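Each remark here refers to the structure printed beneath this line.
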Amino acid sequence: MIDAEQLRRVSVKVSSETAGLLRDLACSEDLGRVVSGETTVADKRAEDYILDLLRRELGQVQVISEEAGGVASKTSDAPIALVDPLDGSTNYLSCITWCSVSVAFADPRSGEILAGSVAPVYAGMPVSFARGKGCYHGGLKVEDPSIRGSIISVYVDEPGAIESVAGAIGRLKGVRRDFKVRSLGSAALELAYTAIGYIAVFADLRARLRNIDVAAAVGAVRECGGVVTDAHGQPLRIGVWRVERVGSVVASLDEALARIAVGGGSG
């Protein structure tokens with residue numbers, strides 16, 4: 001099994017090069033055409049590119065993604081790659097520059113997420129991590145990450161989500177009146193920026209996120225010393241052997257803020 005740091009480097013290379021491809025293709029008319037289900041030409045082009053890069057870099061790899069699907073074997077020595085080729089596709093297809101590419105690697109036997117990278121398609125550097133080896137912003141290791149932003153990142157585009165998020169916002173603003181609320185359109189990128197402190201609290205209470213959407217970013221938050229929970233304040237569990245929902249996600253570098261967001265602390 002390849003070590004976590006090598007896998008981090010591969011995840012950075014693959015996510016960054018795919019982000020470059022998407023940047024070069026941006027705003028082309030044909031990219032929004034649906035090829036199957038909810039998969040567009042842009043999704044398919046990016047995923048095919050990722051699959052080719054992964055095979056060139058690693059040889060044997062078990063890929064779990066929306067288009068390719070897949071069920072990984074627990075007895076294989078090949079690492080599992082959880083891939084989201086384009087998070088924030090609505091933004092991307094609308095020529096809005098907030099979207100990202102996510103690649104995470106997991107141990108097929110234990111299910112432990114070992115490494116990953118979230119690369120912005122447009123401005124900014126990838127956020128990456130290797131389990132037990134630290135987290136990185138671009139090529140620099142993030143030392144003692146702490147919250148420096150005042151943004152609460154939320155998602156409310158599902159029935160009931162507005163009410164749930166409103167409670168979280170009210171509790172958090174009771175702690176810090178200067179918190180600002182934003183909903184930007186790429187959950188993976190917002191989680192990644194939570195890992196390095198640019199976003200103070202991430203709260204997606206729609207119960208619709210999948211493992212491929214957040215595996216890399218959740219790993220980064222945890223490696224940077226933050227916490228990631230479900231809507232009940234329990235540590236978020238992420239399966240890695242097939243595409244599956246992980247539900248609602250709350251994250252912060254400050255455990256107290258995450259607890260307040262889900263109603264388990266006082267403000």
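Note: Cβ is positioned from N, Cα and C throughout, glycine not excepted.
Remember, it's a predicted structure, so these values are computed and weren't measured experimentally.
Copied over from Swiss-Prot, here are the features:
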BINDING   Glu66, Leu86, Asp87, Gly88, Ser89, Arg182, Asp213  substrate binding site
BINDING   Glu66, Asp84, Leu86  Mg(2+) 1 binding site
BINDING   Asp84, Asp87, Asp213  Mg(2+) 2 binding site
Structural state of Asp84 (Mg(2+) 1 binding site), classified by DSSP into three states: strand
C-beta crowding around Gly88 (substrate binding site), within 10 angstroms: 24
Non-site residues, in chain order, whose CB comes within 8 A of the mean position of the CB atoms of Asp84, Asp87, Asp213 at Mg(2+) 2: Leu86, Ser100, Ser102, Ser186, Ala187, Ala188, Arg210, Ile212, Val214
Number of other Cβ atoms within 10 Å of the Cβ of Glu66 (substrate binding site) across all protein chains: 20
Distant-in-sequence Cβ neighbours of Asp213 (substrate binding site), under 8 Å, six or more positions away: Asp84, Asp87, Ser102, Ala187, Ala188, Val246
Chain-internal residues, separated by at least six, CB under 8 A from Ser89 (substrate binding site): Thr40, Ala42, Asp43, Cys99
For Arg182 (substrate binding site), nearby residues of its own chain (Cβ under 8 Å, 6 or more apart in sequence): Ile151, Ile152, Ser153, Val154
Among Asp84, Asp87, which are binding-site residues, the residue with the most C-beta atoms within 10 angstroms of its C-beta: Asp84
Those residues of the chain, 6+ apart, with a Cβ under 8 Å from that of Leu86 (substrate binding site): Leu22, Ala42, Asp43, Ala46, Tyr92, Cys99, Ser100, Val101, Val121
